[in-house]
Amino acid sequence: MMMSPWDRWSSTSCCLCCHVRTGTIILGVWYMLINAVVLLILLTALSDPEQYHLASAELANDLDVMDDANMCIASAISLLMILICGMATYGAFKLRAAWLIPFFCYQIFDFALNTLVAVSIVVYPNTIQDYLQQLPDNFPYKEEVASLSNVCLVLIVLLFIGCILGFKAYLIACVWNCYRYVSGRGGSEILLYVTTNDTTVSHN
């Protein structure tokens with residue numbers, strides 16, 4: 001019997017041998033907590049700009065306005081992410097497959113962005129050295145890292161990004177398997193309901 005590629009990779013268990021539904025709930029709660037902390041920091045910075053303001057003589061007032069605008073945009077994105085993660089958690093808990101789709105789409109988008117970063121590093125390897133030069137002088141191990149060759153830096157960064165991409169791909173597979181499981185459960189319940197009604201009608 002031939003199996004499709006999706007069926008070959010599908011599984012009902014994920015990390016720590018827990019069910020994909022449980023793993024998706026944990027993942028959704030974890031993302032919600034991270035984005036809630038980020039949102040809290042951003043709102044605190046917006047409410048008290050003097051405490052978090054990066055003082056610099058080179059910055060003009062228009063750049064300060066842009067900085068506040070960027071923080072407002074980041075706050076809105078964090079709030080949206082909390083909503084999307086909450087939908088995924090609710091969908092996995094209540095067996096609502098459609099509620100998992102926004103979070104799954106976010107995962108695909110995030111994976112694509114990280115892949116583009118890896119491709120840009122391969123195409124433009126000098127960007128790593130440019131980024132290192134922009135770091136502050138008191139940044140830990142800046143001189144040691146900057147002394148490495150471009151090839152070595154590219155390999156280290158690509159290895160690091162490759163590990164991140166592999167982990168993100170695994171999380172995408174977990175959420176996708178949870179979606180398949182929830183969709184299958186929903187289809188089974190509908191089929192059971194229809195079969196039960198048909199049996200009742202035929203007996204009557």
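Placed from the backbone N, Cα and C atoms, the Cβ positions cover glycine too.
According to TrEMBL, the protein carries these features:
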- 25-46: transmembrane segment (TRANSMEM)
- 73-93: transmembrane segment (TRANSMEM)
- 100-125: transmembrane segment (TRANSMEM)
- 145-167: transmembrane segment (TRANSMEM)
Beyond the flanks of the transmembrane segment (145-167) by at least 6 residues, Cβ under 8 Å: 111, 114-115, 117-118, 121-122, 125-126, 128-129, 132-133
For the transmembrane segment (25-46), sequence-distant contacts whose Cβ falls under 8 Å of one of its Cβ atoms, 6 or more beyond its ends: 18, 52, 68, 71-72, 74-75, 78-79, 81-82, 85-86, 88-89, 92-93, 103, 171, 174-175
For the transmembrane segment (73-93), sequence-distant contacts whose Cβ falls under 8 Å of one of its Cβ atoms, 6 or more beyond its ends: 21, 24-25, 27-29, 31-32, 35-36, 38-39, 42-43, 46, 99-100, 102-104, 106, 175, 178, 182
